[in-house]
Amino acid sequence: MKDELFKQSPKKQFEFDKSVASVFDDMINRSVPFYRENLELCGNLLAKILPINASICDLGCSSANFLIFLANLRKDFKLFGVDNSASMVEVAKSKAKAYGLDISFFETNLCEFDFFVCDVFVANYTMQFIRPPKRQELLDKIYKNLNSKGILIMSEKILYEDAFLSKNIIELYADYKEKQGYSKFEIAAKREALENVLIPYSQKENLNMLEKAGFKKIESIFKWANFETFIAFKD
(Lines of atoms letter the chains of each structure in order from A and count residues from 1; the text may use other names and numbers.)
(Lines give C-alpha, C1' and ligand atoms only; values in the text may rest on other atoms or scores of the structure.)
Protein backbone atom coordinates (compact mmCIF):
# COMPACT_ATOMS: atom_id res chain seq x y z
CA MET A 1 0.00 0.00 0.00
CA LYS A 2 1.08 3.57 -0.67
CA ASP A 3 1.97 5.78 2.30
CA GLU A 4 -0.60 8.58 2.43
CA LEU A 5 -0.85 8.78 6.23
CA PHE A 6 0.20 12.41 6.49
CA LYS A 7 -2.00 13.98 3.86
CA GLN A 8 -3.89 15.37 6.87
CA SER A 9 -2.52 16.95 10.06
CA PRO A 10 -1.47 14.29 12.60
CA LYS A 11 -3.87 13.76 15.49
CA LYS A 12 -1.24 12.04 17.63
CA GLN A 13 2.47 11.39 17.89
CA PHE A 14 4.00 8.94 15.43
CA GLU A 15 3.80 5.31 16.48
CA PHE A 16 4.24 1.99 14.71
CA ASP A 17 0.56 1.10 14.85
CA LYS A 18 -1.62 -0.81 12.37
CA SER A 19 -1.92 2.15 9.99
CA VAL A 20 1.87 2.57 9.80
CA ALA A 21 2.52 -1.18 9.57
CA SER A 22 0.19 -1.45 6.57
CA VAL A 23 2.24 1.07 4.54
CA PHE A 24 5.64 0.67 6.20
CA ASP A 25 7.52 -0.84 3.27
CA ASP A 26 6.47 2.00 0.97
CA MET A 27 7.15 4.56 3.70
CA ILE A 28 10.69 3.43 4.46
CA ASN A 29 11.68 2.97 0.83
CA ARG A 30 10.57 6.53 0.07
CA SER A 31 11.79 8.10 3.33
CA VAL A 32 15.23 6.57 3.89
CA PRO A 33 17.67 7.33 1.05
CA PHE A 34 19.26 4.21 -0.45
CA TYR A 35 17.35 2.03 2.02
CA ARG A 36 17.41 -1.04 -0.22
CA GLU A 37 21.00 -0.56 -1.33
CA ASN A 38 22.19 -0.23 2.25
CA LEU A 39 20.16 -3.26 3.32
CA GLU A 40 21.79 -5.30 0.55
CA LEU A 41 25.26 -3.97 1.38
CA CYS A 42 24.93 -5.02 5.03
CA GLY A 43 23.36 -8.36 4.17
CA ASN A 44 25.96 -9.27 1.57
CA LEU A 45 28.77 -8.29 3.94
CA LEU A 46 27.40 -10.53 6.70
CA ALA A 47 26.89 -13.40 4.26
CA LYS A 48 30.52 -13.04 3.21
CA ILE A 49 32.17 -12.90 6.64
CA LEU A 50 30.01 -14.94 9.03
CA PRO A 51 30.65 -18.60 9.91
CA ILE A 52 28.24 -21.46 9.23
CA ASN A 53 25.06 -21.42 11.35
CA ALA A 54 25.65 -17.88 12.58
CA SER A 55 22.88 -16.39 14.70
CA ILE A 56 21.55 -12.93 13.79
CA CYS A 57 19.04 -10.96 15.85
CA ASP A 58 17.40 -7.88 14.32
CA LEU A 59 16.39 -5.47 17.09
CA GLY A 60 13.50 -3.35 15.85
CA CYS A 61 12.99 -5.64 12.87
CA SER A 62 9.81 -3.85 11.70
CA SER A 63 8.42 -5.74 8.67
CA ALA A 64 11.43 -8.12 8.49
CA ASN A 65 12.90 -6.79 5.24
CA PHE A 66 16.49 -7.34 6.39
CA LEU A 67 15.82 -10.77 7.88
CA ILE A 68 14.07 -11.94 4.72
CA PHE A 69 16.98 -10.74 2.60
CA LEU A 70 19.43 -12.60 4.87
CA ALA A 71 17.33 -15.77 4.82
CA ASN A 72 17.44 -15.82 1.03
CA LEU A 73 21.21 -15.25 1.00
CA ARG A 74 22.15 -18.14 3.29
CA LYS A 75 19.91 -20.96 4.43
CA ASP A 76 22.15 -21.82 7.39
CA PHE A 77 21.59 -18.53 9.23
CA LYS A 78 19.62 -18.70 12.48
CA LEU A 79 17.43 -15.60 12.36
CA PHE A 80 15.51 -13.73 15.05
CA GLY A 81 13.49 -10.53 14.96
CA VAL A 82 12.38 -8.35 17.86
CA ASP A 83 9.89 -5.48 17.71
CA ASN A 84 7.66 -3.78 20.27
CA SER A 85 4.85 -3.22 17.76
CA ALA A 86 2.28 -6.01 17.59
CA SER A 87 1.19 -4.75 14.17
CA MET A 88 4.74 -4.83 12.84
CA VAL A 89 5.37 -8.33 14.19
CA GLU A 90 2.14 -9.49 12.56
CA VAL A 91 3.28 -8.13 9.19
CA ALA A 92 6.76 -9.63 9.66
CA LYS A 93 5.38 -13.07 10.49
CA SER A 94 2.99 -12.93 7.54
CA LYS A 95 5.78 -12.06 5.11
CA ALA A 96 8.13 -14.73 6.46
CA LYS A 97 5.38 -17.34 6.21
CA ALA A 98 4.53 -16.28 2.65
CA TYR A 99 8.18 -16.82 1.67
CA GLY A 100 8.35 -20.11 3.57
CA LEU A 101 11.16 -18.86 5.82
CA ASP A 102 12.07 -20.05 9.31
CA ILE A 103 12.46 -16.83 11.32
CA SER A 104 11.60 -16.50 15.02
CA PHE A 105 9.91 -13.29 16.16
CA PHE A 106 9.48 -11.71 19.59
CA GLU A 107 7.02 -8.94 20.40
CA THR A 108 8.52 -6.97 23.28
CA ASN A 109 10.02 -3.66 24.32
CA LEU A 110 13.74 -3.81 23.55
CA CYS A 111 14.63 -2.37 26.94
CA GLU A 112 12.82 -5.31 28.56
CA PHE A 113 13.92 -7.98 26.08
CA ASP A 114 15.47 -11.11 27.60
CA PHE A 115 18.64 -11.08 25.51
CA PHE A 116 20.39 -14.27 24.43
CA VAL A 117 23.86 -14.72 22.94
CA CYS A 118 24.17 -14.09 19.19
CA ASP A 119 26.89 -13.66 16.58
CA VAL A 120 25.27 -10.50 15.23
CA PHE A 121 22.84 -7.90 16.49
CA VAL A 122 21.28 -5.46 14.04
CA ALA A 123 19.72 -2.13 15.01
CA ASN A 124 18.72 -0.39 11.80
CA TYR A 125 17.05 2.98 12.53
CA THR A 126 16.12 1.63 15.96
CA MET A 127 18.20 3.42 18.59
CA GLN A 128 16.82 6.80 17.48
CA PHE A 129 13.40 5.69 18.80
CA ILE A 130 14.79 4.55 22.18
CA ARG A 131 14.52 7.19 24.91
CA PRO A 132 17.98 8.77 25.33
CA PRO A 133 18.47 7.71 29.00
CA LYS A 134 17.99 4.06 27.96
CA ARG A 135 20.29 3.92 24.92
CA GLN A 136 23.60 3.26 26.64
CA GLU A 137 22.07 0.54 28.79
CA LEU A 138 20.68 -1.15 25.67
CA LEU A 139 24.02 -0.99 23.86
CA ASP A 140 25.72 -2.41 26.95
CA LYS A 141 23.32 -5.39 26.83
CA ILE A 142 24.00 -5.88 23.13
CA TYR A 143 27.76 -5.94 23.70
CA LYS A 144 27.45 -8.32 26.65
CA ASN A 145 25.36 -10.79 24.62
CA LEU A 146 27.57 -10.89 21.54
CA ASN A 147 29.73 -13.94 20.98
CA SER A 148 33.48 -13.50 20.73
CA LYS A 149 34.17 -11.67 17.44
CA GLY A 150 30.50 -10.70 17.41
CA ILE A 151 29.19 -7.84 15.29
CA LEU A 152 26.73 -5.00 15.72
CA ILE A 153 25.32 -3.23 12.67
CA MET A 154 23.65 0.05 13.63
CA SER A 155 22.02 2.49 11.21
CA GLU A 156 20.82 5.87 12.42
CA LYS A 157 19.52 9.21 11.29
CA ILE A 158 22.18 11.61 12.53
CA LEU A 159 22.53 15.24 13.56
CA TYR A 160 25.24 17.58 12.33
CA GLU A 161 26.89 19.65 15.04
CA ASP A 162 27.42 22.68 12.80
CA ALA A 163 24.13 24.62 12.67
CA PHE A 164 24.65 25.99 9.14
CA LEU A 165 25.50 22.58 7.70
CA SER A 166 22.66 20.94 9.63
CA LYS A 167 20.08 23.37 8.26
CA ASN A 168 21.16 22.78 4.68
CA ILE A 169 21.37 19.00 5.03
CA ILE A 170 17.84 18.94 6.47
CA GLU A 171 16.61 21.00 3.52
CA LEU A 172 18.31 18.63 1.07
CA TYR A 173 16.60 15.71 2.79
CA ALA A 174 13.23 17.45 2.45
CA ASP A 175 13.98 17.95 -1.25
CA TYR A 176 14.76 14.24 -1.53
CA LYS A 177 11.39 13.31 -0.02
CA GLU A 178 9.57 15.63 -2.40
CA LYS A 179 11.25 13.80 -5.28
CA GLN A 180 9.85 10.57 -3.81
CA GLY A 181 6.32 11.95 -4.16
CA TYR A 182 5.66 13.45 -0.73
CA SER A 183 4.15 16.94 -0.63
CA LYS A 184 5.57 19.76 1.49
CA PHE A 185 2.49 19.39 3.71
CA GLU A 186 3.07 15.64 4.22
CA ILE A 187 6.74 16.23 5.03
CA ALA A 188 5.90 18.90 7.61
CA ALA A 189 3.07 16.82 9.10
CA LYS A 190 5.28 13.78 9.57
CA ARG A 191 8.06 15.93 11.05
CA GLU A 192 5.51 17.24 13.59
CA ALA A 193 4.33 13.72 14.45
CA LEU A 194 7.92 12.55 14.97
CA GLU A 195 8.82 15.44 17.28
CA ASN A 196 10.21 13.98 20.54
CA VAL A 197 9.61 10.45 19.19
CA LEU A 198 12.57 10.14 16.83
CA ILE A 199 15.53 11.76 18.61
CA PRO A 200 18.73 11.56 16.55
CA TYR A 201 22.25 11.82 17.93
CA SER A 202 25.35 13.17 16.21
CA GLN A 203 27.92 10.83 14.71
CA LYS A 204 30.22 11.61 17.63
CA GLU A 205 27.52 10.79 20.22
CA ASN A 206 26.78 7.45 18.56
CA LEU A 207 30.47 6.55 18.39
CA ASN A 208 30.95 7.51 22.04
CA MET A 209 28.08 5.22 23.08
CA LEU A 210 29.51 2.31 21.10
CA GLU A 211 32.96 2.83 22.60
CA LYS A 212 31.54 3.11 26.11
CA ALA A 213 29.69 -0.19 25.60
CA GLY A 214 33.07 -1.82 24.95
CA PHE A 215 33.43 -1.91 21.17
CA LYS A 216 37.04 -1.32 20.13
CA LYS A 217 36.77 -1.51 16.34
CA ILE A 218 34.05 0.70 14.84
CA GLU A 219 33.73 1.77 11.21
CA SER A 220 31.22 3.68 9.10
CA ILE A 221 30.24 1.60 6.06
CA PHE A 222 27.51 3.79 4.56
CA LYS A 223 26.52 7.42 4.70
CA TRP A 224 24.14 9.70 2.84
CA ALA A 225 23.69 13.20 4.27
CA ASN A 226 21.99 12.61 7.64
CA PHE A 227 21.82 8.80 7.50
CA GLU A 228 24.74 6.60 8.53
CA THR A 229 25.49 2.92 9.14
CA PHE A 230 28.13 1.75 11.61
CA ILE A 231 29.65 -1.68 12.04
CA ALA A 232 31.19 -2.50 15.42
CA PHE A 233 33.20 -5.60 16.34
CA LYS A 234 33.38 -7.06 19.83
CA ASP A 235 37.00 -8.28 19.51
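Using N, Cα and C of the backbone, Cβ positions are placed for all residues, glycine too.
Feature annotations, reproduced from Swiss-Prot:
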{"type": "BINDING", "residues": "Y35, G60, C61, S62, D83, N84, N124, R191", "note": "S-adenosyl-L-methionine binding site"}
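In the three-state DSSP classification, R191 (S-adenosyl-L-methionine binding site) falls within a helix. In this record, S-adenosyl-L-methionine is bound by Y35, G60, C61, S62, D83, N84, N124, R191; the longest C-alpha to C-alpha distance in that set is 23 Å. According to its DSSP assignment, G60 (S-adenosyl-L-methionine binding site) is coil.
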